[in-house]
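Some features that TrEMBL has for this protein:
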ACT_SITE  HIS9  active site, tele-phosphohistidine intermediate
ACT_SITE  GLU85  active site, proton donor/acceptor
BINDING   8-15, 21-22, ARG58, 85-88, LYS96, 112-113  substrate binding site
Amino acid sequence: MAKLILMRHLQSEWNQANRFTGWHDVALSPEGEASAPAVAQKIAGETIDQVYTSPLIRNRETTRLVLENLKLAHLPVVVDPAFNERRYGELEGLNKDEVKARYGAEQVRRWRRGWAEAPPGGESLKEVTARVLPVYQNLVETDLRAGKNVLIVASHNSLRALAKEIEQIPDEEIAEYEIQSGGVVVYDLDPELNLINKELR
């Protein structure tokens, strides 16, 4: 049995400012950095063999801080842009409340949480899934089948895409799936990578 651990990055400066971030390379907020020890404790009892993250600094810094807190800085880390946040296009950098006032809360909800609808100039979750899954299937699943426990530290929508695949969440239900900043999902998988158990931390 292998474990797959999904961890959303710690709070970033634009999370704190309630702005759409997407591929903008925004640093962690001081509060986000300060939360690293508590977030690391969520997985302190787990054996981790391999780590994946994205090139975005908020993901790389979360990875570094968490591994340092766990005294696991020696672990191999694969950095792949497939795990980046979705592109929010014309919305990147804008305040979320101001965008809701301009376009309406329901439209913004469909852009942010729906399956196939993309914000102007951005990516839908369906498109994010199309770039995440090949890396997951070619690299991560290979590690899991070899019996390795894997930690993926990434952005919200790349993790939602993975969760949809692993948990077989229907298109119409994925809108309700969220992972908070610093949130953790732990999956126990059988040798065929079928889901045995899921735990939220």
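Each residue, glycine too, has its Cβ placed from N, Cα and C.
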Practice item. Between TRP14 (substrate binding site) and GLU85 (active site, proton donor/acceptor), find the distance joining the two CA atoms and give it rounded to the nearest Å. Key: 13
Practice item. Would you kindly give the Cα-Cα distance separating GLN11 (substrate binding site) and the residue listed as 'active site, proton donor/acceptor', rounded to the nearest Å? Key: 14
Exercise for review: Would you mind checking how many other C-beta atoms are within 10 angstroms of the C-beta on ARG8 (substrate binding site)?
Suggested key: 26
Revision key, fill the gap. Using a 10 Å radius on the Cβ of GLN11 (substrate binding site), the other Cβ atoms enclosed count 21
Review point. Taking just the CA atoms, what is the gap between GLY22 (substrate binding site) and the residue listed as 'active site, tele-phosphohistidine intermediate' in Å?
Key: 13
**Study point:** DSSP state at TRP14 (substrate binding site), helix/strand/coil
**Key:** helix
Revision key, fill the gap. Reduced DSSP state (H/G/I helix, E/B strand, rest coil) at GLY22 (substrate binding site) is coil
Practice item. Between the Cα atoms of ARG86 (substrate binding site) and HIS9 (active site, tele-phosphohistidine intermediate), find the distance and write it as a whole number of Å. Key: 14
Practice item. Ten-angstrom check, please: count other Cβ atoms within 10 Å of the Cβ of ARG86 (substrate binding site), all chains counted. Key: 28
Check your understanding: If one looks at the chain holding HIS9 (active site, tele-phosphohistidine intermediate), which residues at least 6 apart in sequence have a CB under 8 angstroms from its CB?
Key -> LEU28, GLY32, LEU56, ARG58, ASN59, GLU61, THR62, VAL153, ALA154, SER155, SER181, GLY182
